[in-house]
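Q: Let me begin by handing over the structure; questions about it come next.
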Amino acid sequence: MEFLYTYETLKLEFPLVEPEKARFILLGVPFDGTTSYKAGARFGPTLIRQATLNLESYILDYDLDIAELPIADIGDIAVVAGDPRKTADRVRETLEELKKANPKAIPILLGGEHSQTLGAVEALKPASYVVFDAHLDLRNSYEDNPYNHACVARRISELGVKEAIFGIRSGTKEEVDFARERDIPWVHARDYSFDAFVDLVEALPEPVYLSIDIDVFDLSMVPSTGTPEAGGLRFWEVVEAIEWLVEKKEIAGFDIMEVAGEKLGDPTALTAAKLLFYSIGAMAKFGR
């Protein structure tokens, strides 16, 4: 199956299937156009895939080898340099085409700027958006661009999608006021717990799009990300939430975004790769 806006790149090393036969389909979005602090998100998809080469495909605590699952990797989106809206349009069109060919598949974006999650949500049309992020991303505009990475949750809210945001430790009063007006619940990293997650997500309508901005994790784990923040969550806290979510809710799509860096062995990419394997494993073992 060919796509207008994708190109071949490094792929997972274990056997892959054609997109039409896959349950999970990877798509890289190497976009870095509105990064406001540390550049390098354009290398994210490749760094995550490289990091998977260091991991065993067998997940011990699941007794599951994800190399035996029907996974496809359709490469990376050919981005429009400096234009988050046009690049997100390419993400949207690619996923719309993909869903026509295989409506039961779960697309997984690897990125890449968080701005590109908008294109995925527009294509997959979830009822709810659950995001782990250090930032609220509810600005109306940032650096004169309404499609900046700092605005993605606001643009998604304007689509009528219900939202819940976890791991926050940075935001503006404007964003907090907007969240209050739109009844968007969020949980500060200091107050995060599994019970707090379940309490807010349990009532959300399905299907759910799950987004992980890698900066939600503690900075010691993820030093290479576009807008790093101290004081984040632990790896197993997020995995526990994912396990519950995929068992209780239908998943429309999933992403791991804002992975930056420039070299093999970067701890940020290694964290993202491990999270990718656990997320796929959880969806296979516990998901519907």
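Backbone N, Cα and C atoms are what each Cβ position is placed from, and that goes for glycine too.
Per Swiss-Prot, the feature Mn(2+) 1 binding site maps to His114, Asp133, Asp137, Asp213; the stated evidence is sequence analysis. Residues annotated as Mn(2+) 2 binding site in Swiss-Prot, with sequence analysis given as evidence: Asp133, His135, Asp213, Asp215. The feature site 'Important for catalytic activity' is assigned by Swiss-Prot to Asp144, with similarity to another entry given as support.
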Q: Identify all same-chain residues not among Asp133, His135, Asp213, Asp215 whose C-beta atom falls within 8 angstroms of the centroid of the Mn(2+) 2 site's C-beta atoms; report them in sequence order.
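A: Checked against the 8 Å cutoff, the neighbours are His114, Val131, Phe132, Ala134, Asp137, Gly167, Ile214, Val216, Thr227, Glu229, Glu258.
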Q: Can you tell me how far the Cα of Asp144 (site 'Important for catalytic activity') sits from the Cα of His135 (Mn(2+) 2 binding site), in Å?
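A: That separation, Cα to Cα, works out to 18 Å.
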Q: How long is the line from the C-alpha of Asp215 (Mn(2+) 2 binding site) to the C-alpha of His114 (Mn(2+) 1 binding site), rounded to the nearest angstrom?
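A: Between the alpha carbons of Asp215 (Mn(2+) 2 binding site) and His114 (Mn(2+) 1 binding site) there are 11 Å.
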Q: Should Asp133 (Mn(2+) 1 binding site) be counted as helix, strand, or coil on the basis of DSSP?
A: coil
Q: Across all chains shown, how many C-beta atoms besides its own are within 10 angstroms of the C-beta of Asp213 (Mn(2+) 1 binding site)?
A: 30
Q: Quick check on the recorded positions: of Asp133, Asp137, Asp144, Asp215, whose CB has the lowest count of neighbouring CB atoms inside 10 Å?
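A: Least crowded of the recorded positions Asp133, Asp137, Asp144, Asp215, by Cβ count within 10 Å, is Asp144.
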Q: Counting all other Cβ atoms within 10 Å across every protein chain shown, which of the binding-site residues His114, His135 scores highest?
A: His114
Q: In terms of DSSP three-state secondary structure, what is the assignment for Asp215 (Mn(2+) 2 binding site)?
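A: Helix, per DSSP.
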Q: Which chain neighbours of the Mn(2+) 1 site, leaving out His114, Asp133, Asp137, Asp213, have a Cβ atom within 8 Å of the mean position of the site's Cβ atoms?
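A: After dropping the recorded site residues, what remains is Thr117, Val131, Ala134, His135, His149, Val152, Ala153, Ser211, Asp215, Val216, Met257, Glu258.
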Q: Looking only at DSSP and grouping its letters into three states, which state does Asp144 (site 'Important for catalytic activity') belong to?
A: coil
